[in-house]
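First the structure, in the form of C-alpha cells, and then the observations on it.
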Amino acid sequence: MSISNITVFMPSVLTLIGIPGLETVQCWIGIPFCVMYLIAIIGNFLLLIIIRSERSLHEPMYIFLGMLGVTDIVLGTSIVPKMLGIFWFHVPEIYFDSCLLQMGLIHTFQGIESGILLAMALDRYVAICYPLRHSAIFTHRLVTQIGALVTLRAALLVAPSLVLIKCRFQFYHTTIISHCYCEHMAIVKLAAENVRANKIYGLFVAFIVAGFDLTFITLSYAQIFFTVFRLPQKEARLKAFNTCIAHMCVFLQFYLLAFFSFFTHRFGAHVPPYIHILFSSLYLLVPPFLNPLVYGAKTKQIRIHVVKMFSS
C-alpha cells in the first residue's frame with residue numbers, strides 16, 4: 001500500500017483535542033487556568049506600569065524584570081485563549097501555519113525567559129560581589145544589548161525547527177494532536193516520515209539553552225552565597241540575601257517545571273499523557289502567574305509603589 005493511501009498529505013488544518021483522558025472535566029480545568037492567566041496579565045502589566053512611571057526603578061534589575069513581564073504576557077497569551085477555546089467552546093481546529101506560529105512563539109519566548117533569568121542572576125552577582133563596579137558594568141546600553149542578544153539567540157535557535165517541519169514533512173499519520181497547544185514534539189510525532197533530525201535538533205536546542213543558562217545561573221548564585229556568608233555583619237548578610245530570594249524562587253519554579261515536563265515527554269513512557277500535558281501547561285502558566293506576585297511581595301521598592309498607586 002502506498003504512503004498516500006494511509007496518510008494525510010500536507011494538512012491545512014490540525015485538531016487539538018485538549019487533555020486526553022480528562023475531556024469530561026476540561027471545562028472545570030479551564031477555570032483555574034483562566035484565573036492564573038488573568039492574574040498574570042494584570043500583575044505583569046501593573047509591574048510594567050510601575051517600572052516605566054517611576055524613574056527610581058530605571059535600574060538594570062527592574063529593566064530585566066520589565067523584560068520578564070513582557071515575555072510572560074506573550075507566553076500566556078500564546079496558549080491560554082486557544083486552550084480555553086478548546087475547553088469551553090469546543091473549537092479544537094487550528095490552521096497548520098497558525099499551529100507552527102504558536103509553537104514558534106512558545107519556544108522562542110521560553111528561550112527568552114531563560115536568558116533573562118540568566119541576565120538577572122549575573123546582575124545580582126555583580127551587584128553583591130562587586131558593588132562599586134556595578135553601575136559601571138551594567139550600563140543601560142549593556143542592558144539593551146543583553147535584551148537584544150537574548151531575543152536573537154532564542155529566535156535563531158527556534159527558527160530551524162520550524163523550517164525542518166515545514167519543509168521536510170509532507171505526509172502525516174494523523175491531523176489530531178493529543179495536546180492542548182502546539183508543541184514541537186507533539187507536531188513531530190504526527191509525521192509519517194523520518195523525524196530523527198527533528199528530535200536531535202530539539203534535544204540540541206533544549207540542552208544548549210537550559211544547559212548553558214542553568215550552569216551560569218548556578219555558578220552566579222553559588223558565588224553570591226560565598227560572598228554573602230563572608231560578610232562580617234548579620235544585617236548586611238540578611239539584606240544581601242533578601243535581594244536574591246525573589247530571583248531564586250522564580251529561577252527554581254521555572255527550571256523544576258521545565259525539566260519535569262521535558263523528561264516526562266521524552267523518556268516517561270509509563271507516565272499517563274494527561275500528567276505530562278497538565279505539567280507542561282503549568283510550566284507555561286505558573287511562571288507568568290507567580291513572577292509578579294513573588295517580585296511584588298519580596299521587592300521592597302515595587303511593594304512601596306504598588307501601595308502608593310492603590311492608596312492614591
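Quick reminder: no glycine exception, Cβ is built from N, Cα and C everywhere.
Tertiary proximity for the transmembrane segment (28-50) is limited to same-chain residues at least six positions away from its ends with a CB under 8 Å from its CB atoms, namely 19, 22, 57, 65-66, 69-70, 72-73, 76-77, 80, 83-84, 87-88, 278, 281, 285-286, 288-289, 291-293, 295-296, 302, 305-306, 309. Feature annotation from TrEMBL assigns transmembrane segment to 28-50 (among others).
According to TrEMBL, the feature domain 'G-protein coupled receptors family 1 profile' maps to 43-295.
What TrEMBL records for 62-80 (among others) is transmembrane segment.
Annotation comment: TrEMBL describes 100-122 (among others) as transmembrane segment.
Counting only same-chain residues 6+ beyond the ends of the transmembrane segment (142-165), those with a CB under 8 A from a CB of the stretch are 60, 63-64, 67, 100, 103-104, 107-112, 115-116, 118-119, 184, 187-188, 191, 197-198, 201-202, 205, 208-209. Annotation source TrEMBL lists transmembrane segment at 142-165 (among others).
Feature annotation from TrEMBL assigns transmembrane segment to 200-228 (among others).
Taken from TrEMBL, the feature transmembrane segment covers 240-262 (among others).
Residues 19-22, 29, 33, 36-37, 39-40, 43-44, 46-47, 65, 68-69, 72-73, 75-76, 79-80, 83, 106, 110, 113, 178-181, 183, 246, 249-250, 253-254, 257-258, 260-261, 264-265, 268, 302 of the same chain, all 6+ positions outside the transmembrane segment (274-295), place their C-beta atoms under 8 angstroms from a C-beta of that stretch. What TrEMBL records for 274-295 (among others) is transmembrane segment.
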Grab the same-chain neighbours of the transmembrane segment (100-122) for me: Cβ-Cβ under 8 Å, and only residues 6 or more beyond its ends, written as numbers and ranges.
61, 64-65, 67-68, 71-72, 74-75, 78-79, 82, 94, 143, 146-147, 149-151, 153-155, 157-159, 161-162, 165-166, 181-184, 187, 205, 209-210, 212-213, 216-217, 220-221, 247, 250-251, 254, 258, 284, 287
